[in-house]
Amino acid sequence: MTTTDHTFEPSAGPAEHSSVQAHNPTFADFDVRPEIVQALADAGILSPFPIQAMTLPVALSGHDIIGQAKTGTGKTLGFGIPLLHRVVAPGEEGHETLRAPGKPQALVVVPTRELAVQVAGDLQTASARRSVRIVQLYGGRAYEPQVSALQSGVDVVVGTPGRMIDLLNQGYLDLTAVGCVVLDEADEMLDLGFLPDVEKLLSRTPASRHTMLFSATMPGAVVAMARRYMTQPTHIRANDPDDGGQTVKNIKQVVYRAHALDKVEVLARLLQAEGRGLTIVFARTKRTAAKVADELVARGFAAGAIHGDLGQGAREQALRAFRNGKVDVLVATDVAARGIDVDDVTHVVNYQCPEDEKTYLHRTGRTGRAGNKGTAVTFVDWDDLPRWGLINKVLDLGIPEPVETYSSSPHLYSDLGIPAGTKGTLPQAARTREGLEGERLEDLGETGKRHSPAGGAGGGRGHDGGRDGGSRSGGREGGLRSGGRREGGRGDGARSDGARSGSGRSGSGSRDGADGRPATPRTSDGTGQADRSRATAAEPVEAGVGPAASGGDQPRRSRSRRRTRSGGGSGPATEASSGTDG
């Protein structure tokens, strides 16, 4: 693979190699379709960001591209505009002469569900004045609407690898007419183990396609894939000469050594800082995310949560409420670290220290986007000081010893602009947002886990996440290993201490979750029909009492149960969460 390397460094003076960059170009300067230019103008988007200005001339000429830029720099339109420029929509000249009208002309592969929603939304914004048909394919939603959309005819497909592979194998997704492929966040797809699926998708597209790969970093496996599937790509890096570090320069970074029992109080006061807008609070575990969100709501804040134990409908409800301003605090696990793209996020709070420097960059990159300023606050527990030391050293942040901070510390108020006298409860006069209840919860015909009021849905191989989707919470998400007999399979993820009945490998543990692989047909209570063939063990029972025998009044003798590690007694099969990251 031969690559052409370009590095774009904006400067105050005129650039010798490009007269366009010297006079603040608009999208019209790049010979983009006028309908796209007008649609962007309607949305208030007039001038390209550096990665876009460098990408557009190369991509519009049909050359393969490897785009490398920090998160929040505008990569989506960098590939979205060239992609839409190539697509011929129904009613436009040349559509009837396409080799396969109605088959996808462009394919965008992303690692998470949330990112699929965001990318599709940006493409719809840029194509608002055209009749381009864009469909989203990802797990957690019912198959039928996605299959129906594909059969009705589409122009652009945006989705996650697992669901697209399933629809490809079933014959619903035909990639033989694809002329443009985009791989977004390729390094994240590598981390999640999706590269084999991505390569399978690429192998089913024409060899003459136009390919664009975007990634914040370029690990060896991503480079190797680019060599196999790209033709003489141009490697574009968008750098800012005033921003020598790995973090974006317009993000103010504050790190505090905080006490676990005081962190919620510190957070509640921080959320009343002057100028604080939309805020994302990152937690390391699903349990912590749910607990913090509940605590903030109890203190009067309009807060929502997004983590792997929520069904897809609840996750999308929280994201919509956040984007629409009905809630202004979103508590999330790293399920959302690359899926949320909201320009107006002013603050990011790491409620728990990130696992490593890469996670730190992804989290803090949710603010300071699109040229805006932002603030990133990190709480470091005493036990996490060694971990923070490594992050600080790798990123050269210059904060080796975080300042010990309490909710009453004067520097907390001065550092973050918190008004004097602020307490940990939001005053009634400031409670002006609708809250999560103001956003409708859609019925998505979900195939993954179900939302429960307590936020505690079960895990399982194909739950919300699995191979595909939006979360790293797939796999054995609810890892509690309590007692109980192995009458089912790996159903609810948690080895709960009641009868392990009716779960099998389907039910809420079906591979039809984020990964979307169909399994045993689901009955109304979420269990598979195959499981119904086993006595009547799927029915909940009293603690220590087995299910009633078929046709009899006497309870069936239950087997002796092992003492549970969690200290709980025997009882009905329950949905549980291990509290691991969603």
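Each residue, glycine too, has its Cβ placed from N, Cα and C.
Keep in mind that TrEMBL annotations are predicted by a computer and have not been checked by a curator.
TrEMBL assigns the feature region 'Disordered' to residues 1-21, out of the candidate ranges 1-21, 358-378.
Annotated range for motif 'Q motif' in TrEMBL, selecting from 25-53, 170-198: 25-53. Residues 8, 10, 60, 67, 69, 73-75, 77-78, 81, 84-85, 125-130, 236, 238, 240, 370-371 of the same chain sit 6 or more residues outside the domain 'DEAD-box RNA helicase Q' (25-53) yet have a Cβ under 8 Å from a Cβ within it. Taking H, G and I as helix, E and B as strand and the rest as coil, DSSP gives the domain 'Helicase C-terminal' (265-411) the counts 61 helix, 29 strand, 57 coil.
Confidence over the domain 'Helicase C-terminal' (265-411), given as mean pLDDT on the 0 to 100 scale, stands at 91.
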